[in-house]
Amino acid sequence: MASAQLTIRKIVGIIGNAIALCLFLSPTPTFRRIVKKKSVEEYSPIPYLATLINCLVWVLYGLPMVHPDSTLVVTINGAGILIEVVFITIFFVFSGRPKQRLVIAAVLAGETLFVAILSVLVFTLQHTTRERTMSVGIVCCVFNVMMYASPLSVMKMVIRTKSVEFMPFWLSLAAFLNAGVWTVYALMPLDPFIAIPNGIGCIFGLAQLILYATYYKSTKKMMAERQPMIGLSSVVVRIGSEKVAQPSA
């Protein structure tokens with residue numbers, strides 16, 4: 001029975017890896033837009049910075065010296081680190097606000113320093129995998145909840161503007177599915193450090209999807225109304241340029 005449970009857990013973990021990869025890659029359309037427009041517009045770097053630190057501490061948690069038999073945790077979070085570094089680099093390059101760039105650089109430095117200090121303390125002061133699992137697991141819980149809660153600022157903007165333009169649907173859906181699958185994974189057998197934050201993540205993901213369903217139509221309407229205004233502005237600018245270019249009599 002235990003063997004069958006571990007087999008099912010492994011299968012669920014592989015599915016979780018696939019969904020988590022989709023979660024990490026889901027902002028790709030957003031970053032294509034950023035590169036195309038050469039501007040981050042109103043997008044926030046917070047979700048990507050939160051995801052990066054989350055992946056870093058989970059890789060530490062999944063190491064054999066900390067929590068044995070957690071290869072699937074290491075593989076997906078290692079991939080997540082690479083993806084988030086690419087996204088954050090793009091965000092940094094196309095951010096037109098020096099203050100925002102400074103904040104991104106400071107947060108990255110702080111995250112790197114934090115993980116380095118945590119690793120040194122865990123491996124020098126704690127000598128059993130049980131102790132290390134407890135310490136790193138608590139930290140992982142905190143950062144995993146932060147990752148799932150990071151879109152709260154965007155959700156607040158959605159409620160205020162009644163627009164989901166800057167809350168990517170695929171990111172919200174992938175976050176919900178990812179949290180659900182990893183919650184199931186953590187129940188076979190019970191791993192509270194994975195189950196608790198992902199259970200909370202399910203709630204946050206569902207809240208985002210409800211917001212998306214609520215404001216999707218109003219967003220489409222606002223974007224449709226904005227198009228004629230953009231077109232008119234282009235015509236006015238072009239006519240004004242032509243008048244300036246005409247030689248005086």
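Any Cβ shown, glycine's included, is placed from N, Cα and C.
Please treat TrEMBL annotations as automatic predictions, because they have not gone through curation.
TrEMBL has this to say about the protein:
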type     : residues : note
TRANSMEM : 6-25     : transmembrane segment
TRANSMEM : 46-66    : transmembrane segment
TRANSMEM : 72-95    : transmembrane segment
TRANSMEM : 102-123  : transmembrane segment
TRANSMEM : 135-154  : transmembrane segment
TRANSMEM : 166-188  : transmembrane segment
TRANSMEM : 194-216  : transmembrane segment
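Counting Cβ pairs under 8 Å that are 6 or more residues apart, the transmembrane segment (166-188) and the transmembrane segment (102-123) reach fewer than 3 and are not in contact. Under 8 Å from some Cβ of the transmembrane segment (135-154) lie the Cβ atoms of residues 44, 46-47, 49-51, 53-54, 57-58, 60-61, 66-67, 118, 122, 126, 166-167, 171-172, 175, 179, 192-194, 196-198, 200-201, 204-205, 208, all in the same chain and six or more residues away from its ends. With a threshold of 8 Å between CB atoms, the same-chain residues lying at least 6 positions outside the transmembrane segment (72-95) that come near it are 10, 13-14, 16-17, 20-21, 24-25, 27, 31, 34-35, 38-40, 43, 45, 48-49, 51-52, 54-56, 58-59, 61-63, 101, 104-105, 108, 194. For the transmembrane segment (6-25), same-chain residues at least 6 beyond its ends with a Cβ under 8 Å from one of its own Cβ atoms are 51, 72, 75-76, 79-80, 83-84, 171, 174-175, 177-178, 181-182, 184-185, 188-189.
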